[in-house]
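Peer 1: This structure is in structure tokens; I'll ask about it shortly.
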Amino acid sequence: MEVVAGCYEQVLFGFAVHPEPVGDGHRERWAPVADFTHHAHTASLSAVAVNSRFVVTGSKDETIHIYDMKKKVDHGALMHHNGTITCLKFHGNRHLISGAEDGLICVWDARRWECLKSIRAHKGHVTFLSIHPSGRLALSVGTDKTLRTWNLVEGRSAFIKNIKQSAHIVEWSPKGEKYVVVILNRIDVYQLDTASVSGTITNERRVSSVTFLSESVLTVAGDEEVVRFFDCDSLTCLSEFKAHENRVKDMFSFETPEHHVLVTASSDGFIKMWKLKQDKKVSPSLLCEINTNARLTCLGVWLDRRTDTKESPPAAAEPAPVSKEQSRRNKEESGHAVQEEEKQPKPDTEKCSLTGDSNKPTRGNSLVSAKKRKTVEMLEKKRKKKKIRMMQ
């Protein structure tokens with residue numbers, strides 16, 4: 001496995017982690033080894049996502065950078081957004097969804113690296129998005145104070161809910177039966193069947209990251225050193241532990257055959273991996289820690305898996321041809337308010353706008369090599385300087 005982390009210093013770190021042999025009476029420990037540092041962007045990194053082959057990073061430089069973890073090479077950059085990349089999510093190995101401060105949500109073919117669809121999702125910034133485990137739905141929140149549900153089968157808005165405040169995190173549970181929406185230090189728990197708030201969890205500080213460990217247990221980190229475990233049914237805090245000496249910026253969790261592992265990154269520059277006990281009331285044990293000496297912003301873990309069946313899109317979300325009329329209708333409907341939540345459509349392989357393939361890449365949607373990207377950036381800077389001199 002490989003821990004990857006982005007920082008304000010424009011660098012992506014990679015650390016290979018291997019379990020150490022455990023002797024009798026000794027605590028389990030993992031050994032991290034520095035694998036690579038990649039100066040991927042010209043501004044601070046803001047988001048990272050991983051699948052079984054690639055690591056992608058988003059930045060304030062408005063680009064999405066791709067790194068091939070199998071070959072350990074720079075795979076180029078995606079240039080479509082006109083704003084800071086705020087969120088990146090893979091669904092399996094075929095699709096990447098990105099959100100940015102330009103209000104757009106883009107769906108990318110993660111094989112040919114082409115933009116399949118671009119949606120005007122929010123009137124303000126897109127602050128976060130989350131994909132349902134089935135691949136049929138997605139949720140997004142933005143600075144326009146709305147929570148939006150997207151039908152990924154037909155490629156259009158399904159429901160818009162005004163939430164009166166700007167949420168900065170939304171996250172589905174592992175089975176997709178509930179989801180949470182985070183506003184400052186408040187976590188609202190929603191049930192999918194009712195689309196209404198079933199309860200509210202209040203954290204002591206502003207929440208910076210959440211991750212579900214199970215359908216009912218939610219891990220919460222905020223602008224403090226402490227990580228807490230909450231029960232989403234009883235809305236109570238099961239336990240808490242001090243993870244860092246400074247605020248926790250991001251978290252990532254995954255399962256091994258033996259136990260759950262929680263990875264935390266802090267603005268103190270440390271990345272820590274924790275072994276979680278089955279009883280969440282018992283404090284976790286530290287597996288390893290990594291000092292990056294950087295101001296960390298985002299975190300991910302690349303697991304070297306040959307197959308990714310658990311996250312594969314369902315048959316209804318597989319790419320299929322889209323008629324011109326259907327495409328035009330989807331574009332008109334995307335981003336418009338829907339007064340009532342629509343009934344979920346039956347799976348139809350003939351309709352798949354968001355995850356449909358495009359044989360003709362449009363301008364600005366295809367993969368850009370690292371060399372070409374740097375040339376474009378240099379020309380853009382010269383153009384801006386020339387414009388300033390002409391104005392003077």
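Cβ from N, Cα, C; glycine included.
Quick paste of what Swiss-Prot says about this protein:
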type	residues	note
COMPBIAS	325-351	compositional bias 'Basic and acidic residues'
COMPBIAS	355-368	compositional bias 'Polar residues'
COMPBIAS	381-392	compositional bias 'Basic residues'
REGION	309-392	region 'Disordered'
REPEAT	80-118	repeat 'WD 2'
REPEAT	121-160	repeat 'WD 3'
REPEAT	202-240	repeat 'WD 4'
REPEAT	243-284	repeat 'WD 5'
Peer 1: Would you mind giving the whole-number mean pLDDT across the repeat 'WD 3' (121-160)?
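Peer 2: A mean pLDDT of 93 is what the model gives the repeat 'WD 3' (121-160).
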Peer 1: Sort the residues of the repeat 'WD 3' (121-160) into helix, strand and coil with DSSP and give the three counts.
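Peer 2: Summed over the repeat 'WD 3' (121-160), the classes give 0 helix, 23 strand, 17 coil.
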